[in-house]
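*Asks:* So TrEMBL lists the following for this protein:
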{"type": "TRANSMEM", "residues": "20-38", "note": "transmembrane segment"}
{"type": "REGION", "residues": "61-110", "note": "region 'Disordered'"}
{"type": "COMPBIAS", "residues": "73-83", "note": "compositional bias 'Pro residues'"}
{"type": "COMPBIAS", "residues": "84-95", "note": "compositional bias 'Low complexity'"}
{"type": "ACT_SITE", "residues": "K124", "note": "active site, for sulfotransferase activity"}
{"type": "BINDING", "residues": "K124, G125, G126, T127, R128, R205, S213, K330, G331, R332, T333, H334", "note": "3'-phosphoadenylyl sulfate binding site"}
{"type": "DISULFID", "residues": "C313-C325", "note": "disulfide bond"}
Amino acid sequence: MAYRVLGRAGPPQPRRARRLLFAFTLSLSCTYLCYSLLCCCDGLGQSRLVRGPRCLRAPKAGGQKLLPKSRPCNPPGPTPSEPSAPSAPAAAAPAPRLPGSNHSGAPKLGTKRLPQALIVGVKKGGTRAVLEFIRVHPDVRALGTEPHFFDRNYGRGLDWYRSLMPRTLESQITLEKTPSYFVTQEAPRRIFNMSRDTKLIVVVRNPVTRAISDYTQTLSKKPDIPTFEGLSFRNRSLGVVDVSWNAIRIGMYVLHLESWLRYFPLAQIHFVSGERLITDPAGEMGRVQDFLGIKRFITDKHFYFNKTKGFPCLKKPESSLLPRCLGKSKGRTHVQIDPEVIDQLREFYRPYNIKFYETVGQDFRWE
């Protein structure tokens, strides 16, 4: 078959055309792939498709794009030689966590510290009332339970003791109450070893009334115990008092005080009158605040007298629906005691009371 020759024209070459088409298609594909990689990869070269944030078009503000067209994706951050550009106002950054923050992100303010002040006694003297009243003060944080560290749990160590304390700010006082410390022989030395600057509060009460209150509390738990008269005397007809009974021995205040004065000066011990705490709670608490070196925040406006219980209660705080009174175990009616027994105990305590008044320089008028 003959062909016409027109210059370099020749028969069609289908193979060459397919090759050119394939090369052109491949070139377009590579160009698209490179463009995609530039737009959708972050500064570390990791694909945003692997569960990373996707590149979005820059939002507009006032009809102008916040980012220039040449930067379709937000960079991870400015380079050292590139100052950061001002940005639109953002939400406030979360506050930095303080030491001891919980896992929820809410900071726990303050630090757990060993107490700077202790209510060391006495049992059934009014220690719970003093604790609840002083806790109203914003500069005082107190442990609500009795840790019994310096008498029963001393072997657990100071770190364990500190862990029980509430968190306090530098301006606040940490305080705890355990009335049995006052009659524990080792307590003064142990507290002194913790801190010789510890301030001590002792709430005292007429020792006869205190003994009856102590017995009444025990009777409510153990109704089968002997009578008050039987426990108080070795020989009632001779007036021999049984000083081994704890309810009697606690009221011999001056004997226990001697142990404390071996380690602490009298100026570091404040005595609260249990009787005046009932008749003049604001006055007694004013003196407690002075002793602790804090402002007189607790005043008459915080108290009202509860006729049912027979002692003052705190008025209703703004955050509560009810006033704050001591529990049911406080203010219970005392058992009836033979007046002759009471007179005998008053005579027994008289010399101890007088010596106690002389030692502390305060007359509590229990006679």
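The first residue you see is number 1, and the count goes up from there.
Glycine is treated like the rest: Cβ placed from N, Cα and C.
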*Asks:* Looking at the binding-site residues G126, R128, S213, T333, whose Cα is closest in space to that of C325 (disulfide bond)?
*Replies:* R128
*Asks:* Please determine which of the disulfide-bonded residues listed here (C313, C325) has the lowest count of neighbouring CB atoms within 10 Å.
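*Replies:* With the disulfide-bonded residues C313, C325, fewest surrounding Cβ atoms within 10 Å: C325.
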*Asks:* With the cut-off set at 10 Å between Cβ atoms, which of these binding-site residues ends up with the most neighbours? Options: S213, T333.
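*Replies:* The residue with the most neighbouring Cβ atoms within 10 Å is S213.
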*Asks:* In whole Å, how far does the CA atom of S213 (3'-phosphoadenylyl sulfate binding site) lie from that of the residue listed as 'active site, for sulfotransferase activity'?
*Replies:* 6
*Asks:* Nearest to C313 (disulfide bond) by Cα, among K124, G126, T333 (recorded positions)?
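*Replies:* Checked the recorded positions K124, G126, T333; minimum Cα distance to C313 (disulfide bond) goes to G126.
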*Asks:* If you count CB neighbours within 10 Å, which one among the recorded positions K124, R128 has the smallest count?
*Replies:* R128
